[in-house]
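**Q** Dumping the structure here so I can ask a few things about it.
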């Protein structure tokens, strides 16, 4: 009960701040006795709207939803891949589809953290279909925002409404994408990174919950299994039985291993239960449970599945607003892989 109460207090605090952001009277009245500075990411974004394509491309969401459903039916693992692709896009210069630009060796797509991303061709297929139906209308960044929502829903996750009107960025630099977290950072570094995107520690814990589905490479975790802080050592924080499985399974670094060893194909909060049992595949996941700033959230989410669904929806909506370009700040690409 104490954990639930703590989380409720944290969430209520965030909701209170958000409600103040939507109150134009409070925002404009500098003499208000309890006036607060509203973070920019909580303010409405001029240029984004739920009905943005209502007249110019009314079938846009239907086309995307059908394409996503078809893809997930063929290969369920694309759900996790598309969520990851979206985070990598929004983490660099905001949600502007800069990750999709294909400029050999120089664009974000060619950075180290991007090497295992996939879904680029799928986004291009959707873009080509929309160009037939609504030429020069739907941006690649809006397509990506709708795709990740529909992919999440298709694998059993929550649904949320997407505001549209994003424009595509013209700049994509691989060196900027090198700073994207890879799973071995400290919690302090991660909190600071997420705050630079306008995201809170709550969002950090929630968005890492996307690891309820998907997989990682054995190569990325071998340092925890064979040479952790010394030759031949295994990370002592890993559950012994789980560590035994991983050390045997990951002798081949090219293999892929499920991020959620318990329910790897179900979008659920069991991910947080795994962390409580010292079965977090990535080192940073296990750190969530020992850091005083994140441990109470892990415990609450592990015990309240519905809370994870609700907060994942909210975190994805917030992520989708990260440093977006609107109006004449960007362009509507004709091809998602190249600037016009």
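The first residue you see is number 1, and the count goes up from there.
For all residues, glycine too, the Cβ spot is worked out from N, Cα and C.
Sharing the record's features from TrEMBL:
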{"type": "SIGNAL", "residues": "1-21", "note": "signal peptide"}
{"type": "DOMAIN", "residues": "47-340", "note": "domain 'Plant heme peroxidase family profile'"}
{"type": "DISULFID", "residues": "57-134", "note": "disulfide bond"}
{"type": "SITE", "residues": "84", "note": "site 'Transition state stabilizer'"}
{"type": "ACT_SITE", "residues": "88", "note": "active site, proton acceptor"}
{"type": "BINDING", "residues": "89, 92, 94, 96, 98, 108", "note": "Ca(2+) 1 binding site"}
{"type": "DISULFID", "residues": "90-95", "note": "disulfide bond"}
{"type": "DISULFID", "residues": "140-336", "note": "disulfide bond"}
{"type": "BINDING", "residues": "181", "note": "substrate binding site"}
{"type": "BINDING", "residues": "211", "note": "heme b binding site"}
{"type": "BINDING", "residues": "212, 260, 263, 268", "note": "Ca(2+) 2 binding site"}
{"type": "DISULFID", "residues": "218-250", "note": "disulfide bond"}
**Q** For residue 89 (Ca(2+) 1 binding site), identify the closest of the recorded positions 95, 212, 218, 250, judging by Cα separation.
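**A** When the Cα distances are compared, 95 comes out closest.
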**Q** Using residue 336 (disulfide bond) as the reference point, find which of the binding-site residues 98, 211, 263, 268 has the shortest Cα-to-Cα distance to it.
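**A** The answer is 98.
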**Q** Taking each of 181, 211, 250, 263, 268 in turn, which of these recorded positions have a Cα lying within 10 angstroms of the Cα of residue 94 (Ca(2+) 1 binding site)?
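**A** Taking 181, 211, 250, 263, 268 one by one, none has a Cα falling within 10 Å of residue 94 (Ca(2+) 1 binding site).
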**Q** In Å, rounded, how far does the Cα of residue 95 (disulfide bond) sit from the Cα of residue 88 (active site, proton acceptor)?
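**A** Here the two Cα atoms lie 9 Å apart.
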**Q** Using only C-alpha positions, which one of 98, 108, 260 is spatially nearest residue 134 (disulfide bond)? These are the binding-site residues in the record.
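**A** So, of the listed binding-site residues, the one sitting closest to residue 134 (disulfide bond) is 98.
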**Q** If you measure the residue listed as 'substrate binding site' to residue 212 (Ca(2+) 2 binding site) at Cα, how many Å is it?
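**A** Roughly 18 Å, rounded to the nearest whole number.
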**Q** How many neighbouring Cβ atoms, not counting its own, are there within 10 Å of the Cβ of residue 212 (Ca(2+) 2 binding site)?
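**A** Counting Cβ neighbours of residue 212 (Ca(2+) 2 binding site) within 10 Å gives 26.
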**Q** Which recorded positions from the set 88, 90, 140, 211, 260, 268 come within 10 angstroms of residue 108 (Ca(2+) 1 binding site), judged by C-alpha positions?
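**A** Taking 88, 90, 140, 211, 260, 268 one by one, the ones whose Cα falls within 10 Å of residue 108 (Ca(2+) 1 binding site) are 88.
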**Q** Which recorded positions are spatial neighbours of the residue listed as 'heme b binding site' here, meaning Cα within 10 Å, out of 88, 140, 260?
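**A** Correct set: 260.
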**Q** Just to verify a number: CA distance, residue 96 (Ca(2+) 1 binding site) to residue 140 (disulfide bond), in angstrom, no decimals.
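**A** With distance taken Cα to Cα, residue 140 (disulfide bond) is 8 Å from residue 96 (Ca(2+) 1 binding site).
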**Q** Setting 89, 92, 94, 96, 98, 108 aside, what same-chain residues sit with their Cβ within 8 Å of the center of the Cβ atoms that define the Ca(2+) 1 site, listed in sequence order?
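**A** Nearby residues not in the site list: 88, 90, 91, 93, 95, 97, 99, 169, 172.
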**Q** Please give me the CB contact count at 10 A for the residue listed as 'heme b binding site', counting all chains in the structure.
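**A** 24, counting other Cβ atoms within 10 Å of the residue listed as 'heme b binding site'.
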